[in-house]
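Peer 1: Structure below; questions to follow.
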Amino acid sequence: MKPTTIALLQKCKQEKKRFATITAYDHSFAKLFADEGINVLLVGDSLGMTVQGHDSTLPVTVEDIAYHTRAVRRGAPNSLLLADLPFMAYATPEQTFANAAIVMRAGANMVKLEGGAWLADTVRMLAERAVPVCGHLGLTPQSVNVFGGYKVQGRGDAAQTLFEDALALEAAGAQLLVLECVPVELAKRITDALTIPVIGIGAGNVTDGQILVMHDAFGITGGHIPKFAKNFLAEAGDIRAAVRQYIAEVESGVYPGEEHSFH
């Protein structure tokens with residue numbers, strides 16, 4: 001299989017072909033996802049909750065991300081691999097570049113950062129140094145203490161700010177954007193306005209791609225289950241069939257449905 005590239009995702013957007021992505025944290029699942037046709041994977045700081053058992057993503061370190069990135073890369077050598085820069089890993093441009101280098105050397109093709117227009121200079125600095133960047137707007141889990149919990153973002157007056165943040169990130173050189181827990185109407189406005197691919201999670205079926213935390217997709221998340229999550233394993237019966245069903249429902253626009261969306 002040829003390596004999956006950012007250019008391929010750009011082509012998907014231009015041709016209006018939806019694509020499925022998912023989080024991965026180890027060799028075995030990365031290989032399974034790649035074998036079944038998910039060719040874009042994220043080593044997310046969500047591992048702090050799903051793998052390490054913390055109540056937020058905040059304790060995750062750059063070293064944690066690098067460790068799991070190496071494992072995922074071994075399992076999916078041709079996948080486009082995104083890696084989160086975790087909490088406080090990009091407080092200054094110098095720190096950001098050093099930490100981005102760590103996860104890129106571990107096997108990432110792109111780093112993902114949470115934040116809006118205030119990150120533009122950092123995104124521009126990375127892009128100028130050949131580090132591809134994926135932005136992340138809406139519900140940004142590293143800011144959970146500021147938001148007062150895991151809540152829908154971008155409603156009311158905040159919608160225009162978030163829209164302008166998206167434009168600023170693209171202008172600064174971001175090549176992908178994740179939108180999390182925002183109203184469908186805002187997600188469509190942003191997706192239509194940007195030339196770069198937009199990946200949604202809790203943003204309706206109007207984005208170019210979708211992403212799920214793998215534990216949510218298989219119904220093994222403990223405690224609160226997000227509204228946007230769907231247990232594909234319950235319907236499919238086995239993990240490989242669940243992955244194929246997830247891909248098919250994303251590509252056809254069946255998932256996410258109205259019951260998984262916000263307004």
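For all residues, glycine too, the Cβ spot is worked out from N, Cα and C.
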Peer 1: Starting from the Mg(2+) binding annotation in Swiss-Prot that includes ASP84, GLU114, which of ASP45, ASP55, ASP64 is the extra site residue?
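Peer 2: Record check against Swiss-Prot: Mg(2+) site with ASP84, GLU114, extra candidate from ASP45, ASP55, ASP64 is ASP45.
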Peer 1: Can you tell me how far the Cα of LYS112 (3-methyl-2-oxobutanoate binding site) sits from the Cα of GLU180 (active site, proton acceptor), in Å?
Peer 2: 13
Peer 1: Of ASP45, SER46, ASP84, GLU114, GLU180, the recorded positions given in the record, which has the fewest other CB atoms within 10 A of its CB?
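Peer 2: Across ASP45, SER46, ASP84, GLU114, GLU180, these recorded positions, the one with fewest Cβ atoms within 10 Å is SER46.
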Peer 1: Neighbours of the Mg(2+) site ASP45, ASP84, GLU114: Cβ within 8 Å of the Cβ centroid, same chain, sequence order.
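Peer 2: Apart from the listed residues, the neighbours are GLY44, SER46, THR57, VAL60, LEU85, PRO86, PHE87, LYS112, LEU113, HIS136, THR140, PRO141, GLN142.
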Peer 1: What whole-number Å value do you get for the CA-CA distance of GLU114 (Mg(2+) binding site) and ASP84 (3-methyl-2-oxobutanoate binding site)?
Peer 2: 9
Peer 1: I want to verify one value. Collapsing DSSP to three states, which class is SER46 (3-methyl-2-oxobutanoate binding site)?
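Peer 2: Looking at the DSSP assignment, SER46 (3-methyl-2-oxobutanoate binding site) belongs to neither helix nor strand, so coil.
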Peer 1: Using DSSP reduced to three states, classify GLU114 (Mg(2+) binding site) as helix, strand or coil.
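Peer 2: Looking at the DSSP assignment, GLU114 (Mg(2+) binding site) belongs to a strand.
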